[in-house]
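K.L.:
Just passing along the structure, written as structure tokens.
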Amino acid sequence: MAAKVDIFAANLPNLTDEEMDMCRKAFAMFDKDGSGTIDTKELRTALSALGQNPTEEDMFVMISQVDQDGSRCIEFKEFVRVIQINKQMSAKDADEADTLDAFVALGGNLDKTGRILVDKLRSICEEFELTVNVDRLVKDADRDLNGFLSYDEFRALLS
């Protein structure tokens, strides 16, 4: 089981004034009894209203991180943290998609199988006049030293 993170001290992305205003409106809309809390079902609906569609796993992770008292109800400050966590997860998903796109462009497969030639990576860097020491990067990433990079090796190289 993953360690519980103190998300109130965690470095989460800031929300813009517009995003905070949308959070207030969405929270108020779903806090029908004015109790200052919404339940998990209402949380999913509120997130959808804000254009966020987390998976069941994402919902579980977010709720377990913000529901400090285990009430299964979310207060406004916890709701804001949920939005921040979801925003952070979305950014990570976008980064993963960019990595996969680059892997495929270099010869890998969409299902993260296949491999890319280190020589092809080197020639692309040279073609775009990138001042990257490919050999030094690959030395750490190409674990089996076979001149190819698997998806995991390529992702490690970019991180």
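Easy rule for this one: first residue shown is 1, then count along the chain.
Cβ atoms here come from the backbone N, Cα and C positions, even for glycine.
Among the features that Swiss-Prot reports, domain 'EF-hand 1' is placed at 18-53. The Ca(2+) 1 binding site annotation in Swiss-Prot covers D31, D33, S35, T37, E42. The feature domain 'EF-hand 2' is assigned by Swiss-Prot to 54-89. What Swiss-Prot records for D67, D69, S71, C73, E78 is Ca(2+) 2 binding site. The domain 'EF-hand 3' annotation in Swiss-Prot covers 129-159, and the record cites sequence analysis as its basis.
Could you place these features in context, so I can see how deep they sit and what lies close by?
P.N.:
On the 0 to 100 pLDDT scale, the domain 'EF-hand 1' (18-53) averages 84 in the predicted structure.
Over all protein chains present, the Cβ of S35 (Ca(2+) 1 binding site) has 10 other Cβ atoms lying within 10 Å.
Other C-beta atoms found within 10 angstroms of the C-beta of E78 (Ca(2+) 2 binding site) number 22, with every protein chain shown included.
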K.L.:
How about long-range neighbours of the domain 'EF-hand 3' (129-159): same chain, 6 or more residues beyond its ends, C-beta under 8 Å?
P.N.:
99-100, 102-103, 106, 108, 112-119, 121-122
K.L.:
Name the residues of the same chain, 6+ apart in sequence, whose Cβ is under 8 Å from the Cβ of D69 (Ca(2+) 2 binding site)?
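P.N.:
Expected: none.
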K.L.:
Under 8 Å Cβ-Cβ from C73 (Ca(2+) 2 binding site), six or more apart in the same chain: what's there?
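P.N.:
Non-local contacts for C73 (Ca(2+) 2 binding site): S35, T37, I38, D39, D67.
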K.L.:
Identify all same-chain residues not among D31, D33, S35, T37, E42 whose C-beta atom falls within 8 angstroms of the centroid of the Ca(2+) 1 site's C-beta atoms; report them in sequence order.
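P.N.:
Here the non-site neighbours turn out to be F30, K32, G34, G36, I38, D39, C73.
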